[in-house]
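Noted in Swiss-Prot for the protein shown:
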- 26-283: domain 'Protein kinase' (DOMAIN)
- Ile32, Gly33, Arg34, Gly35, Gly36, Phe37, Gly38, Val39, Val40, Lys55: ATP binding site (BINDING)
- Arg148: active site, proton acceptor (ACT_SITE)
- Asn154, Asp167: Mg(2+) binding site (BINDING)
- 308-343: region 'Disordered' (REGION)
Amino acid sequence: MTDVDPHATRRDLVPNIPAELLEAGFDNVEEIGRGGFGVVYRCVQPSLDRAVAVKVLSTDLDRDNLERFLREQRAMGRLSGHPHIVTVLQVGVLAGGRPFIVMPYHAKNSLETLIRRHGPLDWRETLSIGVKLAGALEAAHRVGTLHRDVKPGNILLTDYGEPQLTDFGIARIAGGFETATGVIAGSPAFTAPEVLEGASPTPASDVYSLGATLFCVLTGHAAYERRSGERVIAQFLRITSQPIPDLRKQGLPADVAAAIERAMARHPADRPATAADVGEELRDVQRRNGVSVDEMPLPVELGVERRRSPEAHAAHRHTGGGTPTVPTPPTPATKYRPSVPTGSLVTRSRLTDILRAGGRRRLILIHAPSGFGKSTLAAQWREELSRDGAAVAWLTIDNDDNNEVWFLSHLLESIRRVRPTLAESLGHVLEEHGDDAGRYVLTSLIDEIHENDDRIAVVIDDWHRVSDSRTQAALGFLLDNGCHHLQLIVTSWSRAGLPVGRLRIGDELAEIDSAALRFDTDEAAALLNDAGGLRLPRADVQALTTSTDGWAAALRLAALSLRGGGDATQLLRGLSGASDVIHEFLSENVLDTLEPELREFLLVASVTERTCGGLASALAGITNGRAMLEEAEHRGLFLQRTEDDPNWFRFHQMFADFLHRRLERGGSHRVAELHRRASAWFAENGYLHEAVDHALAAGDPARAVDLVEQDETNLPEQSKMTTLLAIVQKLPTSMVVSRARLQLAIAWANILLQRPAPATGALNRFETALGRAELPEATQADLRAEADVLRAVAEVFADRVERVDDLLAEAMSRPDTLPPRVPGTAGNTAALAAICRFEFAEVYPLLDWAAPYQEMMGPFGTVYAQCLRGMAARNRLDIVAALQNFRTAFEVGTAVGAHSHAARLAGSLLAELLYETGDLAGAGRLMDESYLLGSEGGAVDYLAARYVIGARVKAAQGDHEGAADRLSTGGDTAVQLGLPRLAARINNERIRLGIALPAAVAADLLAPRTIPRDNGIATMTAELDEDSAVRLLSAGDSADRDQACQRAGALAAAIDGTRRPLAALQAQILHIETLAATGRESDARNELAPVATKCAELGLSRLLVDAGLA
């Protein structure tokens, strides 16, 4: 990173400052750094025996400035407890009049130093730093202090790698950069444009500086770094006039770049309103990208008494004239021991092995929703640790622990129960000093445990019951500052209220979540049969494990039901959240413990199989659905993010069943209304499948049919034909057959899937429905033009082109009056017909004409167009262009989905050319994937590549059985779809691979034939049969081989090499094969030489290998 603070270092400080520091009570004064605003010394404060950093400002201040400086630093002293603001230990003025600030000594130096030495940080670390610094700035702004100089050099790093902001307000006090408009307080590269232009600094300018700092952390340099030899004023002009460099070009997620761009917006009004808003935006980016979401510590309202529970408030008293204390209420002994028996538990060695591997990490966190066996596992681990000689305390959390003093008192009591002599006096300190004693008590506890050199573990059970921020901070302090003599084992519904991120970075966290806690089949058998006294066969145990998803509570409830005489078969069939025993458990232990607002939200959110913020808001009639979902997730309410998209959430199936049952109590009308809301939201957001499901669930099939018929996403254009047909299957048949548009959509899907019979049926029903529909004549004409395009597609897929031009004429004569898919498909269909007529040069203008309409379609039209360009180029022996076209088609198809219909379709043609150019491995991978399409997709050329070249690849790889299977399936497809040209390709390949043909088929192939020249498809079919005849004859006696050579020569001579270059080359190679077979070696060599040269130039190495000529 280049120098981000170009201000010249001031070196005019008087040399007696060390002496003045000694006079002020500091020892061992050592200069450790200089900056634009002063000199920093490392000193020792003998009175407290600690190392500190003392910054002495380089400017003498008048009375007003001095008072303002002291006032601002005292204000910051009120925030010294903020985890991301450097603590101000002392401020004052030296004998020589220079102000100084005393801070903790940071051995790890600054963020600027870290970047200089190790380079920029990745975007995940940068987001984390940004959230924390935003909280620090917000805290300062709330007490009326601006920073004025946020930059990497003013962000120090703690021993744990945490960022802390320092030097608040010093830039204003110590002077700055002078411009024509006055003095600029701060470093230019990180200063907001409006401040550079002379405006006063505001919280918005601090927001800009924070954004500029994050830009630097990501890139290793300032956005407007001062260039070599550049004058400061020129740098100012760039900052105030030029946009920031685009971070997306560095491969960063778009939302990361956008968040920083908003913070660095040119105009203050375009930036987030507050630093807290910046932090929340960065937290949202973390959530969207599936990374850990950092907390943004903000202070409670200063000067306002902390809210307490009524009981705590009543107990609040003053002792003497000093600090308020909160007496600890009477506590039952059961709070300090496990509530689960350990003798009859299922031994979960799989999990205790994980805990054992965690060693002495400071925190072992066991988190999952209710009923997953967290406390049971913690109790088992407590027993194991005790056997190993550790002292293990137990503390069960309850509502009383939402008071910091009470929690600390309970914590001390739990420890004294296993180590009576430990921390004997600390309880009295709490009683006497209350809230003010927390930090002292925790520090003393840590020191005493360390000095005793004794291993102590504390199980804190049900931590999720704590919501008080001071109690959470107390445990966080214990975890952050503890030593390896003390280990905390925490069970909770979630990670909330714990410094998980910091501990993970320091490798001080071992974690077991709900996925690990789920019982496997062996553990379930031990629970049900061994511990539960049942005798269930393994198949039933496995079925129960699957139906409960390994949820311990459900398995135990199932065991209780079976021991009570329940029917095992009935239980296995119907165990769900609607079961009485599970319903009762979830009611008592989960739902009924929630506040009414959250309980109601969970009920309505459960209507859909999955949900997100917008959907949940629509269902509940609120604006903060996302926040409510995250609250439910944090509280472990059986809600988790989906694996494929962290913006979506899904309830545990049993909890969803339970919520559905509770929701139904409100009546069917309410449930129907929620389904209608869900359908509307899904439709508006492009989720047709779910929109239809919920319209049907709402009892509104007419709306469901309307949604499919009016679908603007047009699923076939998205290569989602089977999805469309599956949706249609859900609709009432009587409604479907009467909708002309819907029948047309069904025809589209079936034709593209190479299903001629269902497609024809849909087109027939379309005509009937259109005749009965009361539609304007113009609309009917448009629909009929679209239907004719579909019929043309069906014709070319059936390997017929005679009627294609007539069927396309209407659509191609008025393309702009029709939906884009109609002319887009018409152009592709006309191009395919041109290929079948060997009019390769005509293909490109047709596709160029269709391209604007295809750009307005889904990707399927583009995939087909690129494939057709590739087919024309390959036939013309433009192999480079063909490869490029096929690759483009494959990439577009893969963007739809790696296993999409479009990707597999393009993959078959790309694989064919890869094989011909010698890439056997690449061809094999693509062919295997394409083969999964079967007969559903493409015209004969696609099917031939899939089956014929697919078989040839298998044979080349030594899998002759696989090759035979491919050809057998291809032969069946040719018969089923009535495709003589495909059948001819299959027969030809069987001969090539030495697979015997039926005698009658061989006899037909050997018979003399005249090759027609007026029909391209008939020509290609006859040429294939003639090629097959030549190969059959070449395998016979010498007379047959002579005849084969004559017929091969005639075949090659009849093909116009100018019009059909690829076909002519293939025919030449066949003729050379027969020359060699008849012993005419000299003739074969003479003909082979130019052919081999051409193949080498084109890269078609496999043509000669397969012919045995290479």
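Using the three backbone atoms N, Cα and C, a Cβ is placed for every residue, glycine included.
Annotated features, which come from Swiss-Prot, shown on the structure.
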{"residue": "Ile32", "record": "ATP binding site", "DSSP class": "strand"}
{"residue": "Gly38", "record": "ATP binding site", "DSSP class": "strand"}
{"residue": "Arg148", "record": "active site, proton acceptor", "DSSP class": "coil"}
{"residue": "Asn154", "record": "Mg(2+) binding site", "DSSP class": "helix"}
{"residue": "Asp167", "record": "Mg(2+) binding site", "DSSP class": "coil"}
I need the CA-to-CA distance for Asn154 (Mg(2+) binding site) versus Arg148 (active site, proton acceptor), whole Å please.
11
Spatial neighbours of the residue listed as 'active site, proton acceptor' among the binding-site residues Ile32, Arg34, Gly38, Val40, Asp167, defined as Cα within 10 A: which are they?
Asp167
Cα distance, Asp167 (Mg(2+) binding site) to Val40 (ATP binding site), nearest Å?
12
Could you tell me the C-alpha distance between Gly38 (ATP binding site) and Asp167 (Mg(2+) binding site) in angstrom, no decimals?
11
Go through Arg34, Arg148, the listed recorded positions, and name the one with the sparsest Cβ surroundings, counting other Cβ atoms within 10 Å.
Arg34
Neighbouring C-beta atoms (10 Å sphere around the C-beta of Gly38 (ATP binding site)):
24
State the mean pLDDT for the domain 'Protein kinase' (26-283).
79
Entry from the binding-site residues list Ile32, Val40 having the most other CB atoms no farther than 10 A:
Val40
What does the structure give for the C-alpha distance between Asp167 (Mg(2+) binding site) and Arg34 (ATP binding site)? Integer Å is fine.
13
Surrounding CB atoms that lie within 10 Å of the CB of Asp167 (Mg(2+) binding site), all protein chains:
24
